[in-house]
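Quick look at what TrEMBL annotates:
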type	residues	note
DOMAIN	193-260	domain 'Cadherin'
DOMAIN	261-369	domain 'Cadherin'
DOMAIN	369-477	domain 'Cadherin'
TRANSMEM	605-626	transmembrane segment
Amino acid sequence: QVTLAAGAELDARQVNQYTLVLRAACPGEDEVEERLSVRVTPGHVLRCDSPFASAEGDVVRVLADVAPRTPLYAVLPQPLGGRKVSVGQGFPSPSFLQFWLRNHDTPLKLTRRGLVLAPDNGFDPCKDIQTFRLEIEVTDRHGHNCSGAVKVEVLPSCHPRITFPEPHQAVTVTEGIGPWEVVTQVRARGDNVRYTILAPVAPELFTIDEVTGEIRSTRRLEVTRAHLLIRAYNALHPEDHATTTVNITVQETDHWAPRCVPAIFVSQVPETVSPGSTLVRLRCTDSTSTDRCLHYALEGPPSSLSHFCMEGPQLKVNTTLDYDSEAMSALGFQFTATIVVTVEGKPRQSTRVPVLVTVTPVNEFRPACPNSATFTVPETAAFGSIVGRVAGTDRDYPLNSLEYSLEGGSGSAQPFSIDRRTGEILVVGSLDSQQQNYRLVVRLTDTHNDLDPRKRQSRLCDVSVRLQAVPDPRPVCIPDVQELRITAGSPGSRQPVTRLACRSGPDSAALTYTIVGGNEDGRFRLEGNTLVYLPNDRASPRPFVLVVEVWGGSAARRLSSMVAVVVHVTPRSTPVPPSTTTQHTTLQREPLVVMQTEAVWHPPAWFVAVLTVSGALLVATLGCLARNLLCR
């Protein structure tokens, strides 16, 4: 009994007949051999194989520049199996199969023969990757069916055109270049670029690298001229190409160093010169009167190499030249370097061009006012007293180089002056104690910050000076107790008795005298600091004990002292002979020591000299003016 092996699968389209060799033997007899032919005939089962029948479906990738209605995929199911055929294999579909497209949300087309075609208008070649999914069902004439899916990925085919940045190139080299040395290199823009020499068709002296575009010599070069026509093309799209011409001149070896103009470069540049600016362009030539084979390099200290660079024969500023820095000051505001000009050849010849660049200042910044400009001064400050210092700042080098001046000058309304160099505010007038605050406007003007001394910048700053109240000293009278004897004069007369000697400091004239006791009948009065007796006809001998208050300052800060005056009045009718002499009796008291400090201003010698010269100039000016008026 012959049976089918487990797991075997018959496919009549693959193998339709098997030949089996059977051997049989009985005990004691010879072995018998026979052949059995098994024929496999097609059945009526329709199946779709993977990956077409898988859940993900089959995947086809095509470029977006395919022609419209180009076959992209072919489905070829068969009874007892299935096949899928991609573009170009050309397997037709049997006429008894029908193909149905389940989804219609795709621009792709499905023909009756199971071919998937590109859209009628083709794909957009510049779009990103586009993906289309087709779900296809296949049915035969007996009603058997199977289904699968195809995912078509359309890859963008936009690529830049092949171009040469320079359609013509000229290269000069010296003789003696050996075989396979790089002479020059051509570069084209585009994708998948390849290079080839079109002319001469069989070049003898040069060859080109297909990928890099390097042109190399094939043998040792002698003095000659060569003209090459180079083509660059896209390896995937050879129809996209471009050409350039390269003229190669092989010249004799130069045995002389190049000559440059200028031979020495010395220059001054402002600190505001912008990076990328050209300071000098060297004009260098070799013995062949050309500069095409010259190489320029900059040598010098790291500070010079970081601030300057060479771009061909041009010396350029590389970074900002900041004059207002300690690093620039340490360099003395100068940079030194050397430009080395080398000509190709064997031996290599070079020329050195010394460079000296001096950076000059530019007044870039305005002075800045101090954060706080409020000062306090005692209201009794003497002439020349220092109120405070206005500390202005300026970022230009030299730092904080400023001159100070007061707007409106000095006067009774503004009893202050300012030192032109240091910014110190001084008292130059009497201070009004009734005015508690003075507002000053100080002008800050920078100096020595620019090559042109006329280019100066200034700023106005508000300064407040507050007066600090100082209590007035208590008046001191010497003596503070007096005993006097007088003879009354005629009635209605005015008879001075004594003058009170009191002081309260430097401003003793501002004292006020008042009789506060002992003058009940009004026989005495004060005229300033003079005590006056007013006699009448009813005078009788009697003593008067007067109490005088002496005070100074304002009413709010009143400080006073008391003086006792004992006056013995003798009428004229008494036996005592008349006398006009006033007898002063001073009671013995402890001695009183008065210390008085006077502020004296001693001007410096330069101030006296300036004042003298200014006076002389003023007198001369007035004399010239008077003379001109008289002549007219």
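Using N, Cα and C of the backbone, Cβ positions are placed for all residues, glycine too.
What TrEMBL says about a protein is an automatic prediction, not a curated fact.
Counting residues of the domain 'Cadherin' (369-477) by DSSP class, helix then strand then coil, yields 0 helix, 45 strand, 64 coil. Mean pLDDT for the domain 'Cadherin' (193-260) in this predicted model: 88. Across the domain 'Cadherin' (193-260), DSSP helix (H, G, I), strand (E, B) and coil residues number 0 helix, 38 strand, 30 coil.
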